[in-house]
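Per Swiss-Prot, the feature active site, proton donor maps to Tyr49; the stated evidence is similarity to another entry. Taken from Swiss-Prot, the feature NADP(+) binding site applies to 10-19, 211-273. Residues or ranges marked as substrate binding site in Swiss-Prot (evidence: similarity to another entry): His111. Marked as N-acetylalanine by Swiss-Prot on the basis of similarity to another entry: Ala2. Summarising the annotation, Swiss-Prot assigns N6-acetyllysine to Lys95, Lys222, Lys263. The site 'Lowers pKa of active site Tyr' feature in Swiss-Prot is assigned to Lys78; the stated evidence is similarity to another entry.
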Amino acid sequence: MATHLVLYNGAKMPILGLGTWKSPPGQVTEAVKTAIDLGYRHIDCAHVYQNENEVGVALQEKLKEQVVKREELFIVSKLWCTSHDKSLVKGACQKTLNDLKLDYLDLYLIHWPTGFKHGSEYFPLDAAGNVIPSDTDFLDTWEAMEGLVDEGLVKSIGVSNFNHLQIERILNKPGLKYKPAVNQIECHPYLTQEKLIQYCHSKGIVVTAYSPLGSPDRPWAKPEDPSLLEDPRIKAIADKHKKTTAQVLIRFPMQRNLVVIPKSVTPARIAENFQVFDFELSSEDMTTLLSYNRNWRVCALVSCASHKDYPFHAEF
């Protein structure tokens, strides 16, 4: 199993990274330090997670201790929806760099295709509880992203939560300078994303799978929601390989040539999640796991369903 995937521009992206969405600021510094000590080199961040400063403390410490060199790390962050206006993109990126205490990012993504009204709130809502959109077009946002590459602030740029029609709009943009290197999307056995992944791969775009464990700690979980980690069918595959369900759920996207970013702040689990290079799921296991698709999303961003750029009305 390759430990890296190569982006179209030649950059090498570690296939396994540490996710930091929902990692409490008080715990994420130790989590990132533990991960780096265990061999993780890819850390997935975002401004909206409100913990980049604490992630930065960990990165700074490990760089200072010379546990790792900067060029061995692959640090990802994301532009939040309230900064889609072309004039705001560079400042948003610089805020993230400042918080992470870095002078460049390896990958910077447009977090969602939907632009929101600029201001202090991450989700500006109207009286009816719908998100207030900005009058921006993500093609203009993309031009500003390209500028970050030219200025040396970021090595690669990409998107997240974009459907194939939205990616196609970027690829067909007149005067396109850099195509998206990555599309980061929710992906697991209940949301297998076969068509979107096939599309991205056909365009030379690497796909990162987020919420590979089904995000059991999501704040809006309901008791009747399906649970990947408690699915006896997946547990049976894990038992056969003498592995945990989580390890099977992490190995599954890797064998589909996806990058995967499981989140944990628990040292034992951060370690467990990295022990996935010493076994292989059979083609039968893979087919079985793919058959569990039910188009079930953790992150449906329902407050934005009426936004002109809401990504999940399209089939893929």
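Residue numbering: from 1, along the chain as shown.
Every residue, even glycine, has its Cβ placed from backbone N, Cα and C.
For the binding-site residues His241, Arg251, the ranking by surrounding Cβ atoms (within 10 Å, all protein chains) places Arg251 first. When the Cα of His111 (substrate binding site) is compared against those of the recorded positions Ala2, Lys78, Lys95, Asp231, Lys263, the shortest separation belongs to Lys78.
Each residue contributes its Cα atom, and for Ser211 (NADP(+) binding site) and Lys95 (N6-acetyllysine) these two points are 25 Å apart. Within the set of recorded positions Gly10, Tyr49, Arg251, Ala271, the entry lying nearest in space to Ala2 (N-acetylalanine) is Arg251 (CA atoms). In this structure, the recorded positions Lys78, Lys95, His111 were compared by how many other Cβ atoms lie within 10 Å of their Cβ, and the smallest count belongs to Lys95. With respect to their backbone Cα atoms, Tyr49 (active site, proton donor) and Lys95 (N6-acetyllysine) stand 13 Å from each other. Under the three-state DSSP scheme, Asp231 (NADP(+) binding site) falls in the coil class. Comparing Lys78 (site 'Lowers pKa of active site Tyr') with Lys95 (N6-acetyllysine), their Cα atoms are 11 Å apart once rounded.
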